[in-house]
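J.: Here's the feature list from TrEMBL:
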| type | residues | note |
| --- | --- | --- |
| TRANSMEM | 75-105 | transmembrane segment |
| TRANSMEM | 125-144 | transmembrane segment |
| TRANSMEM | 156-174 | transmembrane segment |
| TRANSMEM | 180-204 | transmembrane segment |
| TRANSMEM | 211-230 | transmembrane segment |
| DOMAIN | 252-281 | domain '4Fe-4S ferredoxin-type' |
């Protein structure tokens, strides 16, 4: 239990630093202005609202919606390509360690109220919802519905994304009270979505990430082939403690690289026999210590030593 708490503390520190790196424009928060400098042209693989006054980078989901149906269609390929590179490198590791809205849900889940788990059969169906949202709201609608100028609304950002209200609208309103008069029904609807997500996050673990987030859906597709991966070694005794520890109910001993895994690492520390290893690039980590991956000698280039005469 002590190791588990230490792991959580380290991860939350990294999450806080990640949030500061992504939304670190403190001047924007103080002045209520949106940063529009050169960094905003780059997207980071987290749900990072463009309208957040602290945002230094662009949001990949918002960027795809803004360009896929416009004359700048080629920029959508740039965003998807860049996002794919991030996904191939680490999959949903960004969800577990960098995403500001994921960190927000983690903090809410710390509130001492009774925790519940979504029944596996229901979760098994709901997990596909985020893929439908990715396809329909992020790709299909912006591409199919355009105005006479060839532009389209960012449907997911406009009608669903609670991160936009939390990190964008609320900080801007807090600094500039005159914006309150401009608020309409859409703000009320999205604010209600944010409140519902916040309440659910205190009871269930990361409901938005698990069932709604289109970025998590995209990154999760690459989990099985990403350079960062989990591996079950021969020490596994199939005690299923990893599955019981996992707040998303992933049977890690069976599917260590599930598209649903956010790489929080709790299963690694929970394993009583250190059967879960995690590797990144050419390094492996076993029982908490990094070691280089051993590579076999190249056949045909090394001659065997002659046998010694007896």
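Cβ from N, Cα, C; glycine included.
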J.: Count the residues of the domain '4Fe-4S ferredoxin-type' (252-281) that DSSP assigns to helix (H, G, I), to strand (E, B) and to coil, and report the three numbers in that order.
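T.: Each residue of the domain '4Fe-4S ferredoxin-type' (252-281) counted once, the result is 5 helix, 5 strand, 20 coil.
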J.: Could you pull out which residues elsewhere in the chain have a CB under 8 Å from any CB of the transmembrane segment (180-204), counting only those six or more residues past its ends?
T.: 104-105, 108-109, 111, 113-118, 158-162, 164-166, 169, 173
J.: Using a Cβ-Cβ cut-off of under 8 Å, list the residues of the same chain that are 6+ residues beyond the ends of the transmembrane segment (156-174) and lie near it.
T.: 23, 29, 32, 34, 47-55, 59, 61-62, 65, 100-101, 104, 133, 137-138, 180, 183, 186-187, 189-191, 193-194, 197, 208, 212, 214
J.: By a Cβ-Cβ criterion of under 8 Å, what residues six or more beyond either terminus of the transmembrane segment (211-230) are in contact with it?
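T.: Sequence-distant neighbours of the transmembrane segment (211-230): 45-47, 60-61, 83-84, 86-95, 101, 123, 126-127, 129-131, 133-134, 137-138, 156, 160, 252, 256-263, 267-268, 276-281.
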J.: Taking a Cβ cut-off under 8 Å, which residues six or more beyond the ends of the transmembrane segment (125-144) line up next to it in the same chain?
T.: 61, 64-66, 68-69, 118, 152-156, 159-160, 210-214, 216-218, 260
J.: Taking a Cβ cut-off under 8 Å, which residues six or more beyond the ends of the domain '4Fe-4S ferredoxin-type' (252-281) line up next to it in the same chain?
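T.: Contacts with the domain '4Fe-4S ferredoxin-type' (252-281): 3-4, 7-8, 11, 90-93, 95-97, 102, 127, 206, 209-210, 216-217, 220-221, 223-224, 226-243, 245-246, 287, 293.
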J.: Averaged over the domain '4Fe-4S ferredoxin-type' (252-281), what pLDDT does the predicted model reach?
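T.: Across the domain '4Fe-4S ferredoxin-type' (252-281), the average pLDDT comes out at 93.
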